[in-house]
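Trainee: From TrEMBL, here are the annotated features:
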DOMAIN    A:4-171  domain 'FeoB-type G'
BINDING   A:11-18, A:36-40, A:58-61, A:122-125  GTP binding site
BINDING   A:ASN22  Mg(2+) 1 binding site
BINDING   A:THR25, A:GLY26  Mg(2+) 2 binding site
TRANSMEM  A:281-301  transmembrane segment
TRANSMEM  A:328-361  transmembrane segment
TRANSMEM  A:381-403  transmembrane segment
TRANSMEM  A:415-440  transmembrane segment
TRANSMEM  A:460-479  transmembrane segment
TRANSMEM  A:513-532  transmembrane segment
TRANSMEM  A:645-672  transmembrane segment
TRANSMEM  A:684-703  transmembrane segment
Amino acid sequence: MKADIRVALIGNPNTGKSSLFNILTGLNQKIGNFPGVTVDKKTGYTSLPDNRRAEIIDLPGTYSLYPKSKDESIVFSVLADKANPSRPDLLVVILDATNLKRNLLLYTQVADLKIPVIIALNMMDLADKAGMKIDIDLLAKRLGVPVIPICARKGSGIDKLKSAIAFANRIALQHDTIDAGALAPQLIARISEEIEVDNAYYALQLAHQHETVTFLTPEQSDRIESLEKEHSFQSQKVQAAETVARYNFINDVLYDAVHLPDTAHEESFSNKIDHILTHKVFGFVIFLGILLFIFQSIFAWSSYPMDLIESLFVLAEDSLRTLLPEGVVASLLIDGILAGLSGVLVFIPQIAILFIFISILEDTGYMARVTFMMDKLMRKVGLSGKSVVPLIGGFACAVPSIMGTRTIENWKDRMITIMVTPLVACSARLPVYTLLIALVVPDRNVWWIFNLQGLVLTGMYVFSLVSAFIVAFVFKFILKAKERGYFIMELPVYRMPRWKNVVFSMYDRSKTFVLEAGKVIIAVSIILWVLASYGPGDRFAAIEQKYNQPGYIQTTTPEELSRLIGSEKLENSYAGVLGHAIEPVIKPLGFDWKIGIALITSFAAREVFVGTMATIYSVDGDTDETESLKEKMDNARNTETGQPVFTVAVAFSLMIFYAFAMQCVSTVAIVYRETKAWKWPLIQLTYMTVLAYAASFITYNLLK
Amino acid sequence: MDLSQLKVGQSGVVKEFTDLEMSVKLMEMGCLPGETVQVTRIAPLGDPIAIKVSGYQLSLRKFEASTIILQ
């Protein structure tokens, strides 16, 4: 789509920037990447009163042009790089009217870059309610820009904002805010001359940020570095002086333009809630209660839509089978691609529900309190308060949780969180655990009320969290910090969730999950399908021939016959050969070659284990038939010793293996995407596999 | 006297910072020399703390608060 004007929204976090973006663009938005970095770029279109189309870009929320996190570092590059395809013609700075002073800092910075700018003054209703008086005309006059009061939550003032966008000047007319040139006069002059920039503040920003911006050549960056040495430029000192100068300017601007009431009403209401929600005892109790409620809901509410998705896939499978002639194409489509796809799509309900909850908790401001309460505890094991959310999300699925670690500013904290999140017992492990527990743990009550099977399952969940903490603690000493960690964070005022935002954010994240994980899963599913559908030499032909004998055809039903053929084919396929090949390696863990096959086929996704077991023990492929599968596995005997295959030792060894092993290609893919280097997913894959092997070995030998 | 020594409800006026790197970040968030800061609450485990500064609530770790010297 072609746009006549490109507009970027910029503002502090919690100012209603995403609300405004959603109102302006409606459903007409897409998520891409800023070139060269993994920062989501949200763009959309809106039509202006003069019938022109405007492309709207939502820049990551930031308090200043000096970036603290990965997301924020993109802002300056987009604004400053003249060749950047996302460079806006016009900036809309969104300011929170209830907190103008701090919000204006970012405005003064972008205004000095001399890009045309207008101000959207949001949350005017809250400012009114709090008894604040803002002289908008005076503000606009002092800054030299249009100031449009809006209320994004209620959607008021949007038409006026659109008109202002339509009639905005194409050249920057705002007043200068501070004398940027005076902060480092000689250096700025040299940089302006050599890099050919005509704006003093832009030159100063280059001096500060030349190492991180995407658009300077290495030579230019080196040149700036040596100029800085020459003029003994101290980035932090100059930055401190700049901030003080900016706040002096802001105080002058706000003088007489804003009248604050004696006591802020909204604040005290928020304070009252905080007394309870961050209380020494109740705070944790409520947090635990909310967590329990979320888990309950994830599992309770998702079962119906999950069944629905599953039956839709069964339907698609059946109709494809009748439509397509039996053969390679049908098998590839049904057993390869469709099966792989259903493995991903079936988790959408759980992921969507988890995201709804996380969005609500974020939107209301409660998540910031959780971070506040948990920081000390998490710091002890090398994590930060901000790691709590991804870890909790890990109980549903590691993929979206790892995507969510972008909010962690500190590099080391973020990497450790990414490293340990896949250890948390995700929902794909659940079918594996339930099957194995049902197999070896008796279904009876202990201490009257606790069901033994339930206790073991709960134990696996607790165990996963404990192991994540222990591994995090180890990584704390291995990883070298790139920068000092700090925890300077706004605690936003409590608000009702904005349901539109909640839905949008859920939709965005679910979509990313499907696209990111789906690609990899399908590719790996096809490889695994080849491994499981073809065998070396003429083994398959021999099997067909064997079961074609009249003896078999007469004594067994057609269904049973095809199951027997399926089972024997799997045994003789490449996957089966591999299973036999790895048997010596996994024997110390108590696993036979059949389990070996399942370990190989479930490499892409853990829950495939159950399906493969069903095929190997030639029961109906349907995973609902766990009862019959359980029976078969129960009766399975070792051919050499005649002992049962699935003893308590083997089952627990297997569960521990799945607890640690990275049997999830989607996670590997997402870790690569988030870290932009194969090094990290490889380290993760290695440590988890080693840990899984060692822990299984110990478990098996202890219980044997 | 530094900010980490204040009790809940007590307030003071920022005088200076002992840590340049931290000061840059704090000042960006509106915590500047001359500003009044008030401790509004302390996290259940004793760290971090929350302060009221320039009209909003900011949380920071005790160590970070100890780099803020009060008048």
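Backbone N, Cα and C define each Cβ position, glycine as well.
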Trainee: May I ask which of the binding-site residues A:ASN22, A:THR25, A:GLY26 is closest to A:GLY11 (GTP binding site) if we compare their C-alpha atoms?
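Mentor: Checked the binding-site residues A:ASN22, A:THR25, A:GLY26; minimum Cα distance to A:GLY11 (GTP binding site) goes to A:ASN22.
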Trainee: Are the transmembrane segment (A:460-479) and the transmembrane segment (A:513-532) close enough that 3 or more Cβ pairs fall under 8 Å, when only pairs 6 or more apart in sequence count?
Mentor: no
Trainee: Using A:MET123 (GTP binding site) as the reference point, find which of the binding-site residues A:ASN22, A:THR25, A:GLY26 has the shortest Cα-to-Cα distance to it.
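Mentor: Its closest listed neighbour, by Cα, is A:ASN22.
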Trainee: In sequence order, which residues at least six apart in the same chain have a CB under 8 Å from the CB of A:GLY26 (Mg(2+) 2 binding site)?
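Mentor: A:GLY44 - these are the non-local Cβ neighbours of A:GLY26 (Mg(2+) 2 binding site), listed in sequence order.
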Trainee: When you scan the chain for residues with a C-beta under 8 Å from the transmembrane segment (A:684-703), skipping those not six or more beyond its ends, what do you find?
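Mentor: Counting only partners 6 or more residues beyond its ends, the transmembrane segment (A:684-703) has Cβ contacts under 8 Å with 418-419, 422-423, 471, 588-590, 647-650, 652-654, 656-662, 668, 671.
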Trainee: Just name the winner among A:GLY11, A:PRO60 (the binding-site residues) by count of other CB atoms within 10 A of its CB.
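Mentor: Its Cβ has the most other Cβ atoms within 10 Å: A:GLY11.
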Trainee: Restricting to CB pairs under 8 Å, which listed stretch, A:328-361, A:415-440, A:460-479, is in contact most with the transmembrane segment (A:645-672)?
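Mentor: By the under-8 Å Cβ criterion, the transmembrane segment (A:645-672) pairs most with A:415-440.
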Trainee: Give me the non-local Cβ neighbours of A:ASN14 (GTP binding site): same chain, 6+ apart in sequence, Cβ-Cβ under 8 Å, ordered along the sequence.
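Mentor: Expected: A:GLY61, A:ASP96, A:GLY365, A:GLU490, A:PRO492.
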Trainee: Mind checking which residues of the chain, 6+ beyond the ends of the transmembrane segment (A:460-479), have their Cβ under 8 Å from one of its Cβ atoms?
Mentor: 380-383, 391, 394-395, 412, 415-417, 419-421, 423-425, 429, 433, 655, 659-660, 687, 691
Trainee: Sequence gap of 6 or more, C-beta under 8 Å: which same-chain residues meet both conditions with respect to A:LYS17 (GTP binding site)?
Mentor: A:LEU9, A:ILE10, A:GLY11, A:ASP58, A:GLY61, A:ILE94
Trainee: Mind checking which residues of the chain, 6+ beyond the ends of the transmembrane segment (A:415-440), have their Cβ under 8 Å from one of its Cβ atoms?
Mentor: 298, 347, 350, 382-384, 386-387, 390-391, 393-398, 401-402, 405, 408, 453, 456-457, 460-461, 463-465, 467-469, 471-472, 475-476, 479, 605-607, 609-610, 613, 623, 626, 629-630, 633-634, 646-648, 651-652, 654-655, 658-660, 662, 664, 667, 671, 674-675, 680, 683-684, 687-688
Trainee: Hey, how far is A:ASP40 (GTP binding site) from A:ASN22 (Mg(2+) 1 binding site), Cα to Cα, in Å?
Mentor: 15
Trainee: Do me a favour and check the Cα-Cα span between A:THR25 (Mg(2+) 2 binding site) and A:PRO60 (GTP binding site); whole Å is fine.
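Mentor: Distance (Cα to Cα, whole Å): 17 Å.
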